[in-house]
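Asks: One structure follows; several queries about it will come next.
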Amino acid sequence: MHSHMIGFMWFYDPITMFALMIAYVAGFLVLQLLAAKIAPKVAASLSGRLSLYTAMLLTAGLIVGGGILAIYGLYVAAASAGYQLPIGTLVLFVAVANLFSYLFAPYMINIAYGARPSPELQEIVNEAAAKAGVKPPKAVIVDGPPNAFAYGNFLAGRYVAVSRSLYEMLPRDELLAVVGHELGHHRHRDVVIIMLLGLVPSILYYLGVWLLHIGLWSGTTGRREREGGGGIYLAALGLLGVVLSFVMQIAVLAFSRLREYYADAHGAMVAGARPMQRALARLHLYYQSSGAHEIVEKSSIKALFIYALVEAVASPFYSGGWGRWGSGNIDAIIEQLKRAEVDPVQEVLSDHPPIPKRLRFLDSLEAHLYSRPY
């Protein structure tokens with residue numbers, strides 16, 4: 001059987017699936033090491049030294065440059081064992097899969113979330129768009145817990161969705177800030193940028209899976225792809241590829257967190273830093289209430305919403321103890337949240353920054369909000 005056909009049949013092979021389990025364990029251990037030891041030290045050493053723009057540029061460069069080097073390294077290493085990786089086939093497969101997801105996701109979201117137009121929300125979106133100097137997207141109300149997200153493409157159009165519960169929860173100025181945040185994602189083209197950068201870990205992952213299968217299949221049958229090659233060597237390369245895909249995904253998550261700060265800056269530009277902070281604090285209070293985490297975790301479609309605010313507040317970045325939703329003075333709670341300790345492991349493994357850091361970022365932004373365009 002031709003080796004390329006064997007590679008396409010990896011998902012039928014229990015041996016390869018077992019090896020993938022080992023690769024996932026190895027990848028998880030590497031992630032824990034990065035999250036607990038390396039990434040926090042790097043972040044601490046760079047904190048305050050780089051502007052947001054510089055940090056985004058460097059992170060994107062690391063993803064693209066590191067990804068190209070890793071893919072090329074795997075290709076050369078496999079070639080030295082007499083096996084030529086089908087790079088073009090894998091890149092095409094990953095690109096087409098992501099393109100289909102990008103094109104059809106807005107329609108899936110509209111159906112899954114029961115999105116419906118809202119003239120009242122559209123007025124707020126229009127106001128935010130006018131202040132930002134951008135064309136207003138379509139405003140829709142959706143079902144579910146307090147949440148807001150931006151989505152869409154050139155076929156379906158651009159949308160800003162706000163859940164009915166969030167619409168009723170926030171005062172108008174805070175809702176304007178949240179809408180401004182989501183408009184920032186559209187303005188900065190975050191959906192497309194994150195999707196393109198996400199191709200790097202995806203390609204590395206499938207290259208690793210392919211090599212794992214070829215190596216294990218060759219080893220179990222006593223075959224060699226060519227003289228000088230070996231199943232164990234190719235399988236080891238495959239394991240390395242899967243682990244590297246995990247590492248690249250950490251970098252993509254870091255870039256995503258930077259884009260959230262960028263969107264927060266846009267929300268503050270539209271409505272002011274304080275309304276943006278208050279909206280984040282109210283969301284935090286809600287998701288600290290009984291049963292809120294369970295609602296989010298049971299959602300079968302939350303993974304669709306790359307830029308959902310709910311993901312930023314529904315993770316255990318920090319301990320609770322802030323009281324029930326709606327209690328106390330929201331500004332006093334903001335000051336408490338700013339001083340909260342952040343779990344570096346949870347932060348590194350998330351695509352959203354922790355609320356305390358977002359609140360502190362908005363503080364630093366307020367003094368020079370209009371010094372440069374967002």
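Backbone N, Cα and C atoms are what each Cβ position is placed from, and that goes for glycine too.
The active site annotation in TrEMBL covers GLU182. Summarising the annotation, TrEMBL assigns Zn(2+) binding site to HIS181, HIS185, GLU260. Sequence annotations record features per position, and here TrEMBL assigns domain 'Peptidase M48' to 118-365. Residues annotated as transmembrane segment in TrEMBL: 15-38, 50-75, 87-109, 191-212, 232-255.
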Asks: Please name the residue among the binding-site residues HIS181, HIS185 whose C-beta has the most neighbouring C-beta atoms within 10 angstroms.
Replies: HIS181
Asks: Counting across all protein chains present, how many other Cβ atoms fall within 10 Å of the Cβ of GLU182 (active site)?
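Replies: Summing over all protein chains shown, GLU182 (active site) has 28 other Cβ atoms within 10 Å.
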Asks: For the transmembrane segment (191-212), which stretch among 50-75, 87-109, 232-255 has the most Cβ pairs under 8 A?
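Replies: The stretch with the most contacts is 232-255.
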Asks: Which residues, given as numbers and ranges, are at least 6 beyond the ends of the transmembrane segment (87-109) yet have a Cβ under 8 Å from it?
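Replies: Tertiary neighbours of the transmembrane segment (87-109) are 4, 71, 75, 115, 151-153, 155-157, 159, 161, 191-192, 195, 198-199, 202-203, 206-207, 210, 301, 304-305.
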Asks: Determine which residues of the chain contact the transmembrane segment (50-75) at the Cβ level, with the cut-off under 8 Å and only residues 6 or more beyond its ends counted.
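Replies: Residues 85, 87, 193, 197, 200-201, 203-204, 207-208, 211, 237, 240-241, 244, 248, 251-252, 254-255, 258-259, 261-262, 265 contact the transmembrane segment (50-75) from elsewhere in the chain.
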Asks: Quick one: Cα separation, GLU260 (Zn(2+) binding site) versus the residue listed as 'active site', in Å?
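Replies: Cα of GLU260 (Zn(2+) binding site) to Cα of the residue listed as 'active site' measures 10 Å after rounding.
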Asks: Would you mind giving the whole-number mean pLDDT across the domain 'Peptidase M48' (118-365)?
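Replies: Across the residues of the domain 'Peptidase M48' (118-365) the model's pLDDT averages 82 on the 0 to 100 scale.
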